[in-house]
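Listed features, source TrEMBL:
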type     : residues : note
DOMAIN   : 2-141    : domain 'Vitamin K epoxide reductase'
TRANSMEM : 64-82    : transmembrane segment
TRANSMEM : 89-110   : transmembrane segment
TRANSMEM : 116-138  : transmembrane segment
TRANSMEM : 159-182  : transmembrane segment
């Protein structure tokens, strides 16, 4: 029961963040001088991130990918709750998509922190949704033997502790943010 609920919750959270960022992007496109709702400080600024080259990596705004992609775990989660059972190839394909999302959000994190020099709140919510989605999906596939049967017992343990893996992932990212923006923190208070 935890797995489908996690899929639904993270999918909805990521979708809301992507939708919100898309609305902000439309607002800025219509009025380039406007500030966004999440322009809080010099280093927490959605506008500076959304106007960067990295924000449209494939020639269109990245949040449009999120609007489409975050819908998938919601549908899969509800399908599981309704009793659907999927073949191993489906789970491996699903994990492939989630893995691409995980790589993408970590690349965007690195770009945002170290190249752009600003953080986007909507983006951080999408990252927050993607991280547990990845860890629970990976551990689910290992636990069920979809990737290989050799790691089923390790997958079971990983599945039970996937929230710890997500938390550790968050701590690494927060640590990198704290260190990189150390000199800016006093300006917030």
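Just so it is clear, glycine is given a Cβ too, placed from its N, Cα and C backbone atoms.
For the transmembrane segment (89-110), the partner stretch with the highest count of Cβ pairs under 8 angstroms, out of 64-82, 116-138, 159-182, is 116-138. Residues of the same chain lying 6 or more positions beyond the ends of the transmembrane segment (159-182) and with a Cβ under 8 Å from any Cβ of it are 43, 109, 113-114, 119, 127-128, 131-132, 135-136, 138-140, 142-143. Confidence for the domain 'Vitamin K epoxide reductase' (2-141), expressed as mean pLDDT, is 95.
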